[in-house]
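**Q** According to Swiss-Prot, the protein has these features:
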SITE      T56  site 'Part of a proton relay during catalysis'
BINDING   T57, I213  pyruvate binding site
SITE      Y119  site 'Part of a proton relay during catalysis'
ACT_SITE  Y145  active site, proton donor/acceptor
ACT_SITE  K173  active site, schiff-base intermediate with substrate
Amino acid sequence: MSTGLTAKTGVEHFGTVGVAMVTPFTESGDLDVAAGREIAAHLVDNGVDALILAGTTGESPTVTTAEKLTLLKAVREEVGDRAKLIAGAGTNNTRSSVELAEAFAEVGADGLLVVTPYYSKPSQEGLVRHFTEIAQATDLPICLYDIPGRSGIPIESDTIRRLSELPTILAMKDAKGDVVAAAPLIEETGLAWYSGDDPLNLVWLALGGSGFISVIGHAAPNALRELYTSFEEGDLARAREINATLSPLVAAQGRLGGVSMAKAALRLQGINVGDPRLPIVAPNEQELEDLRADMKKAGVL
C-alpha cells in the first residue's frame, strides 16, 4: 500500500516487525543465555525481522554491560542474519552511552536504539549534543527513542529535524504518541518511523510509519507480521480485524507493564524466561489468570 511519502532508508537497517525482547534470567537471577537463544529463535521463526536487545523491555537499567554484550553475541549466533539486532545504547550519561555504543559495534550489533536521556532533563540543545556524540562514535545506524513518559522530556520537532540531518540517524521509535506533530515529520525528515506503543501500531502505519517495535509481539509475533503485511497489501479491513483481536494483549500490557506482561505471556506459552529483576515484579496469581484469559481472547493461547 503506497503512502506516497518520502522513502525511508532506515527500514533496511531496522526491519518492519520488531520486538523489544525481554532479557531472560535463571531462577537465581543470573542471565539465562540458553533461554535468550530460544526466545530469539522463536520470534524470528514467527515473522519478526528485528530484535531490540537491552531496551526498556529488556530491563536495561538492571542488566550489566557484560550481560548485554553476552546476550547479543548469543542471539547473533542463534539467528544469524535472519533478523536485525538492534542494541539499546541510550543512558543519561553521554560518555557511558558512547562507550556502550562502541562496545555493541564491536560485538556485531546491526544498529543502535538511543533513548532520550532520563532523569536529568537536559535542554533541547543538550539533546542534540548528546545524540550527536553517540552518532559520531560508530558507523552504526541509529534509531532515536522518544518516550517522555519515562525520560521526563520529549524530543521536540525542531530537534528531530536537526538530528535527522546526521547521516547515521535514520529512524525514530515513537512512544510519545503525538500523531499531529509526527505526521509531517515523517514526510519532512525521511526517518523510518516506528510505533513504540502497541495501541497505536495501526495508526502509525496509516500515517506512513515503517513498522513496530512491539512488546505484545512476544505473545503474538505471527499476528503482528500479518497485520503489517495486510496493511502493505492494501487489505485494511483485515489489518483492522487483527488489530482489534490483539486488543486484549494491549490491555494486559497496560495493567501489568511491558516486562511483567511479556515474560509471563512467554511462560504461559511454554518458554520460561524467569522473573524480572527488582524493582519490577512478576504478576500475582490473579493477574496471571487475567492475563491467561486475555491471551485466550486474543487467540494466542
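In case you wondered, yes, glycine gets a Cβ from its N, Cα and C as well.
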**Q** Would you count the other CB atoms within 10 A of the CB of K173 (active site, schiff-base intermediate with substrate), including those on all shown protein chains?
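**A** By my count, 28.
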**Q** Would you mind checking how many other C-beta atoms are within 10 angstroms of the C-beta on T57 (pyruvate binding site)?
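**A** Around T57 (pyruvate binding site), other Cβ atoms within 10 Å: 27.
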**Q** Which ones in the same chain are close to Y119 (site 'Part of a proton relay during catalysis'), with CB under 8 Å and 6+ residues apart in sequence?
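**A** Y119 (site 'Part of a proton relay during catalysis') has long-range Cβ partners N92, S151, G152.
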**Q** Using DSSP reduced to three states, classify T56 (site 'Part of a proton relay during catalysis') as helix, strand or coil.
**A** coil
**Q** Looking at the recorded positions T56, T57, Y145, I213, whose Cα is closest in space to that of K173 (active site, schiff-base intermediate with substrate)?
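**A** Result: the closest of the recorded positions to K173 (active site, schiff-base intermediate with substrate) is Y145.
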**Q** Which state, by DSSP, holds I213 (pyruvate binding site): helix, strand or coil?
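**A** It is in a strand.
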**Q** Near Y145 (active site, proton donor/acceptor), which residues of its chain come within a Cβ-Cβ distance under 8 Å, counting only those 6 or more away in sequence?
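**A** Within the chain, Y145 (active site, proton donor/acceptor) has Cβ neighbours under 8 Å at G55, G90, L113, V114, V115, T116, M172, K173, A175, G196.
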**Q** Measuring Cα to Cα, how far is T56 (site 'Part of a proton relay during catalysis') from I213 (pyruvate binding site) in Å?
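**A** The separation of the Cα atoms works out to 11 Å.
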**Q** Looking only at T56, I213, which of these recorded positions has the biggest number of Cβ atoms within 10 Å around its Cβ?
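**A** Checking each of T56, I213, the winner is I213.
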